[in-house]
Amino acid sequence: MIFVGFGFLMTFLKRYSFGAVGFNFLIAAFGLQWALLMQGWFHSLDYTDGKIKIGVENLINADFCVAGCLIAYGAVLGKVSPVQLMVMTLFGVTLFAVEEYIILNLIHARDAGGSMVIHTFGGYYGLSISWMLYRPNLDQSSRLQGSCYHSDVFAMIGTLFLWMFWPSFNSAITDHGDGQHRAAINTYLALASTVLTTVAISSLFQKHGKLDMVHIQNSTLAGGVAVGTAAEFMLMPYGSLIVGFCCGIISTLGYIYLTPFMEKHLKIQDTCGIHNLHAMPGVIGGIVGAITAAAATESVYGREGLVNTFDFEGAFKDMVPTRQGGHQAAGLCVAICFGIGGGILVGCILRLPIWGDAADDNCFDDESYWEVRDEALQDYEMLMQTLHVLCGSR
């Protein structure tokens with residue numbers, strides 16, 4: 001999901017596929033290493049010998065941490081330099097580790113699929129940075145902002161990878177057994193519901209009833225985001241379908257109406273539309289998680305089920321579900337505040353004229369940072385090779 005899913009999902013721009021996949025590869029590899037250290041200091045530090053103990057779950061959590069930074073990358077795709085991306089990832093991973101510790105350990109919120117910790121934080125972190133790096137003359141690169149037939153097909157590879165593996169993403173660190181099974185089932189149903197809703201809404205609001213590939217690439221994943229927090233709870237299959245249905249509508253309409261509104265009036269240039277795929281569904285996921293936790297009863301979960309699902313142990317052994325719902329809501333507020341506040345702070349740093357970012361008329365173009373062979377020359381060479389083969393066969 002991290003290297004193929006996110007990477008290929010961002011290849012929709014006609015002249016920025018190298019940057020999408022290559023820089024995704026770069027910041028994911030860098031972020032994984034930094035996340036192991038940052039999260040290790042908060043969660044895995046052994047005070048007896050001063051060493052960080054690493055296992056498979058640490059690697060999974062580091063992946064989750066990187067996912068937040070890759071979400072933020074989607075907001076500034078094609079507009080920043082690789083050095084800016086490294087700085088953004090350095091601070092993003094640090095902020096993520098702190099907000100994750102506050103939400104999961106201090107507030108004691110549950111967020112197995114990361115609707116709050118990953119998607120809400122990453123979404124608003126990226127949007128805030130994009131707001132700080134607003135380019136009033138970005139229309140000079142408008143010729144490169146669109147997609148082409150082949151770039152959209154490549155982006156669908158990312159969509160399908162993310163869609164297929166999202167159930168395992170949301171269930172990876174849940175309690176083994178019932179909680180993990182519920183997380184996979186709830187996520188799968190929410191995703192399936194979102195696909196149907198997205199196709200219907202896209203066709204309904206487009207001219208001549210045709211589908212828009214942007215909606216199919218992105219909004220079909222919104223259900224997986226929104227069901228993340230409540231995935232291991234007793235959301236029930238119908239609850240998952242309802243969450244997916246609502247997110248399909250909200251996300252698709254967000255691409256149609258909200259993204260242009262944000263660029264025109266709020267000065268937020270969201271290249272990939274992360275507000276519609278991650279930020280809004282992440283907030284919905286936090287709200288759904290708070291409601292589902294507050295509504296939990298011992299008759300549904302059983303006493304042992306409540307303890308295992310919500311970790312009512314130690315200092316929180318006297319916690320009740322209604323109070324847990326309040327803690328879930330508090331966790332969502334922390335994620336939003338860290339995302340917006342941290343994004344503005346990092347955006348101020350990235351505005352310094354020392355990072356070598358592309359000019360307004362050179363954004364969304366791989367030639368700024370990659371060796372790109374001329375397409376006309378490539379076509380000519382391919383033609384000559386074909387003629388040579390044909391002549392040789394005769």
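Note that the numbers count up from 1, one per residue, in the order the chain is shown.
Glycine is treated like the rest: Cβ placed from N, Cα and C.
Copied from TrEMBL, the annotated features are:
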type: DOMAIN; residues: 1-357; note: domain 'Ammonium transporter AmtB-like'
type: TRANSMEM; residues: 16-37; note: transmembrane segment
type: TRANSMEM; residues: 58-77; note: transmembrane segment
type: TRANSMEM; residues: 83-104; note: transmembrane segment
type: TRANSMEM; residues: 116-134; note: transmembrane segment
type: TRANSMEM; residues: 154-173; note: transmembrane segment
type: TRANSMEM; residues: 185-205; note: transmembrane segment
type: TRANSMEM; residues: 238-258; note: transmembrane segment
type: TRANSMEM; residues: 329-352; note: transmembrane segment
Practice item. For the transmembrane segment (329-352) and the transmembrane segment (185-205), check the count of CB pairs under 8 Å (sequence separation 6 or more) and say whether it reaches 3 or more. Key: no
Practice item. For the domain 'Ammonium transporter AmtB-like' (1-357), would you mind checking the mean pLDDT of the predicted model? Key: 94
